[in-house]
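> According to TrEMBL, the feature disulfide bond maps to CYS211-CYS232, CYS310-CYS331. Summarising the annotation, TrEMBL assigns domain 'Ig-like' to 46-158. Positions annotated as domain 'Link' by TrEMBL: 165-260, 266-355. Annotation source TrEMBL lists signal peptide at 1-15.
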Amino acid sequence: LPLLLKATLLRLASGSYHPFYNGFYYNHIMNDNDDGQDKVDYFNGAKLVVETSKDPVYSYNGANVTLPCHYRYEPDLGPKRKIRIKWSKLRDDYTKEQDVMVAIGKTYVAFGDFKGRAHIHRASRHEASLVISDVRLKDDGKYRCEVIDGLEDESDVVDLRLQGIVFPYQPPRGQYRLNFHEAERVCQDQGAILANFNQLFQEWSEGLDWCNAGWLADGTVQYPIRLPRKPCGGVHLAPGIRSYGPRHRHLHRFDAFCFSSALKGEVFYLDRLPGMTLEEAKQSCQDAGAEIARVGQLYSAWKFLGLDRCNAGWLADGSVRYPIVTPRANCGPAAPGVRSFGFPSKGRFGVFCYRER
């Protein structure tokens, strides 16, 4: 494929060809016999139609997912023609695209983080579906399926959403201490990524109420309010997502909203009398064939696996927390959630460990 594109560009430089340009040149293609003889294939008047799923496609971290895309001609052109398929990942505001894959016949090239993880699925005659293996947190988003036949170019968009949870995060040194890049790192350290607006909005619609502002993946600072109150924008504002807008990514400091997906493994609790220090807790997890859990893993286990434990335990960042699905006496507030004891410098507790299945 790179040689094909290079040859196309060389011919263009000679002034012999004047194709429409849409990220790459596609009117100069190999013929269907694959004998190295080139031809120009122009659209013959039939209407090209591209269709993807109108409903979001849901997946989770580490899974394999197929983003459906099919095309057809009206009227039908009969035998399959040699077409080009281009998949791109879109920003939420549609201002920029990230190349995922380009395919011509049986030849394809995947780009960036999608190398080795993406290919075209062609189980039927006019299928152009994209298969992504080992789904990652940052794969969440909108994807464009573009089908190119000569000068005809049609596309449609499908939405990939990861099942996950958004949680606010403050570092050990306290509130509003993170610039944007530090917020990205602390989320990654906790098995998560910075949440996007859609993920925060979904969590707000499910009950998240948090009065501290935090970074989102687009560089804006926002916070979700269910119960309007004076310190959180005022009592007269309606519930919703409060926004400070874009902030300076180096100079301004806030908390972070992190997004973690469902787990491939399990989180479990260990304890021993009279409790453990943080270093002893890490060793206990290793002795059990696991590692000390991260904050994002604990939140995911609470939401998706129903982890309910009224015992405080160490986590990898040095915090002490415990997850409650069914509120009860002596287990904190009357609402489900992950309770936090902060970052104690002393004390002995149990530990939450994570082990992949």
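Cβ from N, Cα, C; glycine included.
Predicted, not measured: the structure shown is a model, and the values here were computed from it.
For the listed features, I'd like the structural context: burial, neighbours, distances.
Counting only residues at least six positions away in the same chain, the Cβ atoms of CYS310, TYR322, ILE324, ARG339 sit under 8 Å from the Cβ of CYS331 (disulfide bond).
When pLDDT values are averaged over the domain 'Link' (266-355), the model yields 96.
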> So among the disulfide-bonded residues CYS211, CYS232, CYS310, who's got the most Cβ atoms within 10 Å?
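Of CYS211, CYS232, CYS310, the one with the most crowded Cβ is CYS232.
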